[in-house]
Amino acid sequence: MDVVNQLQRQFIDYSASLHREGFLDDQFTQLQKLQDDNSPDFVVEVASLFFEDCEKLINNMARALEQQQGVDFKQVDASVHQLKGSSSSIGAMRVKDVCIAFRSFCEAQNREGCLRCLQQVTHEYSLLKNKLQTLFRLQQQILAAGGSIPVVE
Amino acid sequence: MESCNCIEPQWPPDDLLMKYQYISDFFIALAYFSIPLELIYFVKKSAVFPYRWVLVQFGAFIVLCGATHLINLWTFTVHSRTVASVMTTAKVLTAAVSCITALMLVHIIPDLLSVKTRELFLKNKAAELDREMGLIRTQEETGRHVRMLTHEIRSTLDRHTILKTTLVELGRTLALEECALWMPTRTGLELQLSYTLRQQNPVGYTVPIHHPVINQVFSSNRAVKISPNCPVARLRPARKYMPGEVVAVRVPLLHLSNFHINDWPELSTKRYALMVLMLPSDSARQWHVHELELVEVVADQVAVALSHAAILEESMRARDLLMEQNVALDLARREAETAIRARNDFLAVMNHEMRTPMHAIIALSSLLQETELTPEQRLMVETILKSSNLLATLINDVLDLSRLEDGSLQLDLGTFNLYAVFREVLNLIKPIASVKKLHVSLNLAPDLPEYAVGDEKRLMQTILNIVGNAVKFSKEGSISIRAFVAKLDTLRDSKAPEFLPVLSDNHFYLRVQVKDSGSGINPLDIPKLFTKFAQNQSTGTRNSGGSGLGLAICKRFVNLMEGHIWIESEGLGKGCTAILIVKLGIPERVNESKLPYMPKMPANHGQTAFPGLKVLVMDENGVSRMVTKGLLLHLGCNVTMVGSSDECLRLVSHEHKVVFMDICVPGIDSYGITIRIHEKFTKRHERPLLVALTGNTDKVTKENCMRAGMDGLILKPVSLDKMRSVLTDLLEHRVFFEAI
């Protein structure tokens, strides 16, 4: 049982740190609440979907912004919008904040700004992905050890 | 010859004597016969003569005497016996008649004499009547003059004209040489010559008022003859001949204050003017009584006319003043109305304009508080929050107060739990009280009903204000709150005369007493407490931060609740007691259904809140679609997911109760879909509820949704609890628009 407790404590601390550092916000907690016996892997599924979405969108944006002649800001904006929606649905706060800034650059049709934001988004996304993967690994470890996932308020 | 007794021959020797006797007798007889003839002639001529018998007697007497003398003619010579007997008879008769006549005359002569006296008497009488007739005529003449004068005087209300006319008319009527009016000066110590008949613009002669002659005139209401050498009479340069007689009369100058209803003006405190009238110098005329009377009457009339003129002047002046004041008042009223309107407009604008930024400041500050902050930053944010809360309260108070004053505020009556109100107040006040180490105790009477009908929010606000004041002004000690139902006798002892409590069956009076052991209030300051903005400087409460409005608002609320509020204190340092009485209704039945809806946490916290509810979720964004699905699945709904509008239209059916649509995604015309769904399901009970999910927090989106025909709008991100309550509300009311 010590192992489980230890793991659980680790999990809690890690969760808390993620929240504190702004990687995740309340929405993520809500998602965790939705996880129950009917859908035990709900959060993981949502997260995977998110990662797929993110990569696709980032690639889209990169391609659009690489165009030397006539960047289609509308398209970029659409992608950013999608990304913003997704990130807010999952509770990825930092990604969402970057998206907000990204959108204003799109409206201003500022290519440099957009590129910078894109870089930032990519960076944040990678960070988040790593963190979440660590979190999920911890979860699996707890479950494997026979414990239950503690609910983080 | 010797004399013998025989009858002598006819022609005696004494012829001459005889002859004369003979002739005299003849003439006597003649006269005697003619006198009755004359008498008869004249009696016949005269109409009235009462003594006919006397005349007849007299006539007979004279005739007989004549006859005697006539017969005597024959007795000079020898005459026969017949002549002698005739003579004798005649004499006898004559004697008889004359005796009778003599006797009769005794009676008659006094009568005749008295006729004469009567005639004399009548003559005197006639003379007297003549005299009186003359007098009456003069009087009537005088009266006519007076009437005419009065008419002239009273035909004008101008003071100057009155006086001038008086003098002119008097002069004319009485044929005066000079007529003058002396008026008293302002100081009352001198008489000044104001008007004269002959001289134009008399230069101001003055005469001191305490002259014996003047005093004499003033002391009587008759016209008094004065000496022409008197200073008031010396109006002309001295003449050589005799000046005419002078008469002076007083003219009372009546004031408004003299006209008391039951108290005709006394003579003591009056001002008089003096009218002096001079007869022509060399006419040797005298003042007749009727002329003096005329003068007196005129003087009285003049007095009355003058006072009328004075009253009129006064009333004209008053009326002008009143008109001016009216105009000024009207202007002031219009200005006040303008000011009120301006204020109302201002308030109406400021109401919204002030609250919006305040709301933003408070909301964002509280959000800021939730984020990661350094301690200094946290302190700063807390200060900002506290200050803006204070400001918001102040704004609300001011706006409330102005609405209260307009009378536009109305109580929100409802049934509420009275005990809960007090507990809430206690809870709110406990933290502050414990910081100040004050002990707060609440004592609710057992007969206090648990539920009451009234304005809960405002009652709590009032009680909180009072208790808050008690805490604020106490540095140490304890606060005790007592609440009970007020009985009639306790109601009456309140110090407000206009507070008339009426007991009725479905109301009761709640009495709340808050006693503190704080700094107390000077009893003299107590009335000022409830006036707005009046701060009490002396008790050093400047740091307490009160705006001065709290108690004023409380008082108005209490008045609206038909109650009374007052504060008692024995003085500084002795604490004070605030007493509040309000009228609350008694709810008819404490029915569970009438209680305000307490949103119960659903007993089944979790899964099957909405078992089998068929919903359709349309969202292009995979992640958010999945999240929403997860939410709804967690709540037990049967979820169908679609990713495009066509799919949505294809799959939507009357089995779906709710359709959630994400509308901020470009490429999906959510409004179009709404309209198409409306067309598809014509019957309202078949159509699913259309709810928009959006991250857009602006009014335009909301308005567009409403116009398009959507039944609801929810802002993303949606938490579990939010989704639960939204669905509950939606299914109950069939509409839910989140407040943006």
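Using N, Cα and C of the backbone, Cβ positions are placed for all residues, glycine too.
What TrEMBL records for B:CYS65, B:HIS69 is Cu cation binding site. What TrEMBL lists as ADP binding site is B:ASN469, B:ALA470, B:VAL471, B:LYS472, B:ASP516, B:LYS532, B:SER547, B:LEU551. Feature annotation from TrEMBL assigns ubiquitin cross-link to B:LYS716. Annotation comment: TrEMBL describes B:349-586 as domain 'Histidine kinase'. The domain 'Response regulatory' annotation in TrEMBL covers B:614-731. Sequence annotations record features per position, and here TrEMBL assigns 4-aspartylphosphate to B:ASP662. What TrEMBL records for B:20-41, B:53-72, B:92-113 is transmembrane segment.
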Report, as numbers and ranges, which residues of the same chain sit near the transmembrane segment (B:92-113): CB under 8 Å and 6 or more residues beyond its ends.
51, 54, 57-58, 60-61, 64-65, 67-68
Taking the domain 'Response regulatory' (B:614-731) alone, what is its mean pLDDT?
79
How many Å lie between the Cα of B:LYS472 (ADP binding site) and the Cα of the residue listed as 'ubiquitin cross-link'?
43
Filter the recorded positions B:VAL471, B:LYS472, B:LEU551, B:LYS716 down to the ones with a Cβ under 8 Å from chain A's Cβ atoms, keeping sequence order.
B:LYS716
Closest of the recorded positions to B:LEU551 (ADP binding site), Cα to Cα, picking from B:CYS65, B:HIS69, B:ASP662, B:LYS716?
B:LYS716
Same-chain residues at least 6 beyond the ends of the transmembrane segment (B:20-41) whose Cβ lies under 8 Å from its Cβ atoms:
55, 58-59, 62-63, 65-67, 69-70, 72-73, 76
Tell me which of the recorded positions B:HIS69, B:LYS472, B:LYS716 sits in the most Cβ-dense spot, judged by other Cβ atoms within 10 Å.
B:HIS69
Of all the recorded positions given, namely B:CYS65, B:HIS69, B:ASP662, B:LYS716, which is spatially nearest to B:ASP516 (ADP binding site) at the Cα level?
B:LYS716
Count the Cβ atoms, other than its own, that fall within 10 Å of the Cβ of B:ALA470 (ADP binding site), considering every protein chain shown.
26
Using C-alpha atoms only, work out the spacing between B:ALA470 (ADP binding site) and B:HIS69 (Cu cation binding site) and round it to an integer in Å.
160
Residue pair B:CYS65 (Cu cation binding site), B:ASN469 (ADP binding site) - Cα distance, angstrom, rounded:
153
